[in-house]
Amino acid sequence: MTLEQIKEIYSRPLTELILQALEIHNKNFGNDIELCSLKSIKTGTCPEDCKYCPQSGHYNTSIEKHKLLDKDSILAEAKNAKDAGSKRFCMGAAWKHIPKKDFDQVAEIITEVKNLGLETCVTLGSINAEEATKLKEAGLDYYNHNLDTSREFYPEIITTRKFEERIETIRNVANADINVCCGGILGMGESLDDRFNLLLELLQLPAAPKSIPINTLIPVKGTPLGDKYTDAQIDSFELVRFIATTRILFPQARLRLSAGRENMSLETQTLCFLAGINSIFYGNKLLTENNATINSDNFLLAKLGLESNVELC
């Protein structure tokens with residue numbers, strides 16, 4: 001697949017593009033929507049300078065910071081998740097790299113969550129090959145590590161971690177036989193070519209991602225992008241085109257409509273489902289920011305006749 005081929009797919013008449021994406025989607029998936037909730041186990045004071053992120057220690061934002069939660073409180077949430085019918089429990093921590101002093105505790109938590117009969121997922125920043133192997137041995141099923149944007153636009157968003165470091169982490173995850181979860185953020189001021197190049201980078205990953213989070217910028221006051229923009233720099237038609245193109249390129253991946261969904265109309269979300277979205281974050285909170293409400297999601301899923309497959313991520 002080349003950049004020009006991706007452009008050609010994206011530029012097809014919108015109805016034709018959505019129809020092709022829907023046909024591919026229906027061939028590989030049923031009528032279910034994966035519902036995920038995201039738990040932050042360590043919040044804020046991150047040394048990274050990602051210009052969109054309120055958890056960066058470089059910026060003055062109003063988030064409530066906390067250190068790594070204790071094991072018992074995390075396991076209590078995991079048990080509640082299982083009792084509610086969840087199949088997977090995912091934990092996110094605001095680290096550039098997991099501290100050595102916390103690694104064994106996180107690995108132990110993964111093992112105990114796994115022993116509850118749940119699938120496990122974490123996002124902990126960069127990890128090396130040895131750490132990936134140990135996480136796999138602890139029972140880890142999925143690791144999330146987003147590329148965020150194209151290689152070319154990346155230096156405009158992050159300077160504390162090189163793009164190739166992200167690729168290396170994904171390579172370590174894949175080599176350890178852990179499922180890869182990897183996507184990006186739209187509406188940060190990137191060009192269309194940057195979006196196409198992001199898709200090309202995802203196609204060239206060491207292992208095909210099992211799930212692809214598609215985020216739109218949530219401008220948070222105190223962050224550089226939050227002070228620059230009042231909303232995501234992408235319109236609904238561009239978003240739907242991007243999703244449909246992603247579905248065509250990744251027929252067997254779960255496409256998750258993630259951050260920014262609370263700012264989308266029900267009609268826009270419906271078009272996103274038609275274009276290939278089959279996973280959403282479910283719950284009123286998404287890490288540190290508000291998410292679409294549970295009542296709103298229940299109303300929309302019922303209206304569309306979509307079946308929910310509840311997981312806690």
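Every residue number used here counts from 1 along the chain in the order it is shown.
Cβ atoms here come from the backbone N, Cα and C positions, even for glycine.
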Swiss-Prot has CYS90, CYS121, ARG256 down as binding [2Fe-2S] cluster; which of CYS46, CYS181 does it also list for that site?
CYS181
As a whole number of Å, the Cα atom of CYS46 ([4Fe-4S] cluster binding site) is distant from the Cα atom of CYS90 ([2Fe-2S] cluster binding site) by 19
If you measure from the C-alpha of CYS53 ([4Fe-4S] cluster binding site), which of the binding-site residues CYS90, CYS121, CYS181 fall inside 10 Å?
none
Could you pull the average pLDDT for the domain 'Radical SAM core' (28-258)?
93
Least Cβ-crowded entry, counting other Cβ within 10 Å, from the binding-site residues listed as CYS46, CYS53
CYS46
Near-site residues: [4Fe-4S] cluster, ref CYS46, CYS50, CYS53, CB cutoff 8 A to centroid
GLU48, ASP49, TYR52, PRO54, GLN55, SER56, HIS58, ALA94
Could you check the binding-site residues CYS50, CYS181 and say which one's CB has the most other CB atoms within 10 Å?
CYS181
Quick note, ARG256 ([2Fe-2S] cluster binding site) and CYS50 ([4Fe-4S] cluster binding site): C-alpha atoms separated, nearest Å, by 21
